[in-house]
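Structure, as structure tokens:
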Amino acid sequence: MLDINQFIEDKGGNPELIRQSQKARNASVEIVDEIISDYKDWVKTRFELDELNKKFNKLQKDIGLKFKNKEDASGLLAEKEKLTQQKKELTEKEQQEDKDLKKKVFQVGNIVHPSVVVSNDEENNELVRTWKPEDLEAVGPIASVTGKPASLSHHEILLRLDGYDPDRGVKICGHRGYFFRNYGVFLNQALINYGLQFLAAKGYIPLQAPVMMNKELMSKTAQLSEFDEELYKVIDGEDEKYLIATSEQPISAYHSGEWFEKPQEQLPIHYVGYSSCFRREAGSHGKDAWGVFRVHAFEKIEQFVITEPEKSWEEFEKMISYSEEFYKSLKLPYRIVGIVSGELNNAAAKKYDLEAWFPYQKEYKELVSCSNCTDYQSRNLEIRCGIKKMGDREKKYVHCLNSTLAATQRALCCILENYQTEDGLVVPEVLRKYIPGEPEFLPFVNELPKNSTSSKDKKKKN
């Protein structure tokens, strides 16, 4: 969340900057003035409460003197009873106003970085750069690694490898359910192990995150819309927890309430998080319904960085470069796009997506999101850095950044389409050592059902 002082000019804030940021996000601009008005009301109530406390404390002393001098204090005691009730009512009013004020501030997004394209249409996302293997003339309906026609979709390749079973998965857990089988298991695990080793070699500290979070901490790291569209709730009596949608959520809270007093020595910290992740995908009905590209349960390797504010943009570029290096090692064509202001989540000041090429579907699809959340998360989680010097108006908070390295099911889908041949799948060289027998090639063992996706597409063309 933003600092309330940023809304108040007398506190050194710049409410107009917040208004412009909200406008860029296509979000409520009016809420800024509502917050300013509510803040003034809260300050007034807080002042009245302070004055009442002073009056109450003086009355306490006067009563004490009456008792000490063995004088009648009945009048003062009656006044104390009256003030006690007033104090109770005013305290409740102040607490409610403070709660309502913070709730509104929490709805305001991070300040959009000046370099972000202002638009509410993702068609206007900025194309930052593209990459493809040197021996690939251009992306198209050809598997980029094998040079063979991409005649099958990723889920069909898995079916022909006997690598997954969607029918029994749906029977057991419902929509988008699946089992990995045989080499489907090994390929997914290979991506997990390769991703962990890849970032560990760059100095990242591996963390295997818990897959459930308590409501209090989840509410400090996830925005309200995610509770409705993404998160699964787990209830045990009165104990309420949420399944994580990404390891970013528990890792962002890993240092909650902590203070890095010597940031030049202690920061930056680079974490590589590994976890199973769970998403309801309530807002994605019917989207990417094929295979394991968009499912309710998946594994993900995540980058998470905690740094001094002065170095966060340097770390942002470094994180996306590591994700690029990872996909270059897998020889998957991709492009980097800067997400427009209206599509940013509340915490992100700027976000890059890495979209990789799927030759059967003839389109780029998102595999990576890399965000600089500046101090938006750390302020809510109270993760501070440095010693507050005399004259400083504000406490100094760390900056938090996150980036996917690989949501392994999605990355596997892209590998399947780009490494296919007529007879099977070439195994990416960097993954072979993580698979039993270190195979170079996996032959098809199953035929496709007559109503498969590619069969339907061929009928349409004919």
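Each Cβ is built from the backbone N, Cα and C atoms, and glycine gets one as well.
It should be emphasised that the depicted structure is a prediction, and the values quoted were computed from it without experimental measurement.
According to Swiss-Prot, the protein has these features:
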BINDING   T246, S247, E248, E302, T404  L-serine binding site
BINDING   R279, R280, E281, V295, E366, L367, V368, S369  ATP binding site
MOD_RES   C373  cysteine persulfide
MOD_RES   C400  cysteine persulfide
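Comparing the binding-site residues T246, S247, S369 by how many other C-beta atoms lie within 10 angstroms of each C-beta, the top residue is S247.
Neighbour counts of Cβ atoms within 10 Å were compared for the recorded positions V295, C400, and the top value is held by C400. DSSP assigns R280 (ATP binding site) to coil in the three-state reduction, placing it in neither a helix nor a strand. Spatial neighbours are here defined as Cα atoms within 10 angstroms of one another, and by that definition R279 (ATP binding site) has no neighbours among the recorded positions E248, C373, C400, T404. Nearest in space to V295 (ATP binding site), taking C-alpha to C-alpha distance over the binding-site residues T246, S247, E248, E302, is T246. Ranking the binding-site residues R279, R280 by C-beta neighbours within 10 Å puts R279 at the top. Following the DSSP three-state reduction, the secondary structure of V368 (ATP binding site) is strand. Spatial neighbours are here defined as Cα atoms within 10 angstroms of one another, and by that definition V368 (ATP binding site) has no neighbours among the recorded positions T246, S247, E248, C400. The most densely surrounded of the binding-site residues E248, E281, judged by C-beta neighbours within 10 angstroms, is E248.
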